[in-house]
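Q: Copied straight from TrEMBL:
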- 23-40: transmembrane segment (TRANSMEM)
- 52-74: transmembrane segment (TRANSMEM)
- 94-115: transmembrane segment (TRANSMEM)
- 122-140: transmembrane segment (TRANSMEM)
- 178-195: transmembrane segment (TRANSMEM)
- 207-225: transmembrane segment (TRANSMEM)
- 237-255: transmembrane segment (TRANSMEM)
- 270-321: region 'Disordered' (REGION)
- 279-295: compositional bias 'Gly residues' (COMPBIAS)
Amino acid sequence: MDLAYIPSPSTGVVHLGPLPLRGYAFCIIIGVFVAVWYGNKRWIARGGKAGTVADIAVWAVPFGLVGGRLYHVITDYQLYFGEGENWVDAFKIWEGGLGIWGAIAFGAVGAWIGCRRRGIPLPAYADAIAPGIAFAQAIGRWGNWFNQELYGKPTDLPWALEISEGANREAGLYHPTFLYESLWCVGVALLVIWADRRFRLGHGRAFALYVAAYCAGRAWIEYMRVDEAHHILGLRLNVWTALLVFVLAVVYIVLSARFRPGREEIVEPAAVQQDKAGSGSGSSGSGSSGSGSSGSGALPPAEGAEDAEGDPADSGSANRS
């Protein structure tokens, strides 16, 4: 009796017309676009300006890619600097190998730089893009499917992943851990969206919830994997990392909710400056006009716009202006 299984692609290259593109890189690119698009929807719904998320992503994405690659190379250095290996391969990011921990850490540094340049708080930006990042991870994990990498232990389950024989791998049927993590990330994104609407998370708590929920799933999925990894006290390094980051994220949520309850209002400095310029010209024309606009700065977003932050469909009519 033949077993059902998930076939692996015969090649790791996607052809966009005459243009060949590595499947891994294709998934990363699509994931980035989804994260920026959805993050922009949420940012506008929270009172921000269109285009801000993309402007900051120009800083965050390159930093994230560099950080992800550095983490992978450092924690799996034997793949590039071991006996018989070619260290130049460490720069071949298109062949796979990005560590999410390094990507998030360095990406946060890039986002911090972008936020400082725009004069907006990093926690508010992080809350807006949190579910988009989870969706991006869900898409990006399919790059591992194209590369036939990071699979789990052998299994005969109907959804087993077929792996062909290749360098450093044996042909067989294995747990599709890429699929498990992809589905988990979709669930994490939906959880953050729901919790954000229900509890009006602010001051970085939506992002911290994303981190905690992702780590909870990553710990058990990582435990299933069979690729080479460093172990500490019998557990893979990334399992320990997931557990540590999970605890830190939960502690942040608890302390932040206690000392900074509610959600911050998003008023971008550029809009404030424009309003101040307008009020100045108005006050020179008439005293009543000046008194009406003095100290107004920028109006806070409408209550309906704040309530719609998790759903692009809800936010469109309130924030298109």
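Just so you know, glycine gets a Cβ as well, placed from its N, Cα and C.
Provide an account of the burial state, proximal residues and distances for the features listed.
A: With a threshold of 8 Å between CB atoms, the same-chain residues lying at least 6 positions outside the transmembrane segment (52-74) that come near it are 32, 35-36, 39-40, 43, 80, 90, 93, 97-111, 113-115, 117-118, 120, 125, 128-129, 268.
If you look at the transmembrane segment (94-115), the same-chain residues 6 or more away from its ends with a CB under 8 A from one of its CBs are 22, 24-25, 28, 55-73, 75-76, 79, 121-122, 125-126, 133, 137, 140, 143-144, 147, 149, 211, 214, 218, 238, 241, 245.
Same-chain residues lying 6 or more positions outside the transmembrane segment (207-225) and placing a CB less than 8 Å from one of its CB atoms are 100, 104, 123, 126-127, 129-131, 133-134, 137, 150-153, 175, 177, 180-181, 184-185, 187-189, 191-192, 195, 201, 235-236, 238-239, 242-243, 245-246, 249-250, 252-253, 256.
Residues of the same chain lying 6 or more positions beyond the ends of the transmembrane segment (237-255) and with a Cβ under 8 Å from any Cβ of it are 75, 99, 101, 204-205, 208-209, 211-212, 215-216, 218-219, 222-223, 229-231.
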Q: If we skip the immediate neighbours and take only residues 6+ beyond the ends of the transmembrane segment (122-140), which ones have a Cβ under 8 Å from one of its Cβ atoms?
A: 27-28, 30-32, 34-39, 42-43, 46, 48, 52-53, 56, 98, 100, 104, 108, 111-112, 115, 181-183, 185-186, 188-190, 192-193, 196, 201-207, 209-210, 214, 264, 266, 309-310
